[in-house]
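Pulled from Swiss-Prot:
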type	residues	note
TRANSMEM	7-27	transmembrane segment
TRANSMEM	34-54	transmembrane segment
TRANSMEM	70-90	transmembrane segment
BINDING	78, 81	Na(+) binding site
TRANSMEM	104-124	transmembrane segment
């Protein structure tokens, strides 16, 4: 139980730092607003770089213990962007030769995300 609680604290601390970093980047780039979501794109691409580096280092070397991976990959990157997790999971499926599941996850998440975004918006309009 103690180990699980420690893991939750690590993920929470990393998530706080990641979400805060995302907000600060959005604030810093707000003066360059052009209608294009530059901050979101930057965060998503940077998050992919970070989760790729963190995961590779923790899986192939002893440089990052599992606790640090929880803090950085699950916590920080998870709070920073879930897009990085999405891309990493697709790459893991491809690495395992699961082209069908990788494609299903890629397309299903994009299409499903848009469909449910509009469903949520429609439901909110009904309530308002």
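Glycine is no exception: its Cβ is also placed from the backbone N, Cα and C atoms.
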Chain-internal residues, separated by at least six, CB under 8 A from residue 78 (Na(+) binding site): 11, 14, 15, 18, 85
Among the ranges 7-27, 34-54, 70-90, the one whose Cβ pairs under 8 Å to the transmembrane segment (104-124) are most numerous: 70-90
Assigned element (helix, strand, coil) containing residue 78 (Na(+) binding site), judged by DSSP: helix
Count of other CB atoms lying within 10 Å of the CB belonging to residue 81 (Na(+) binding site): 25
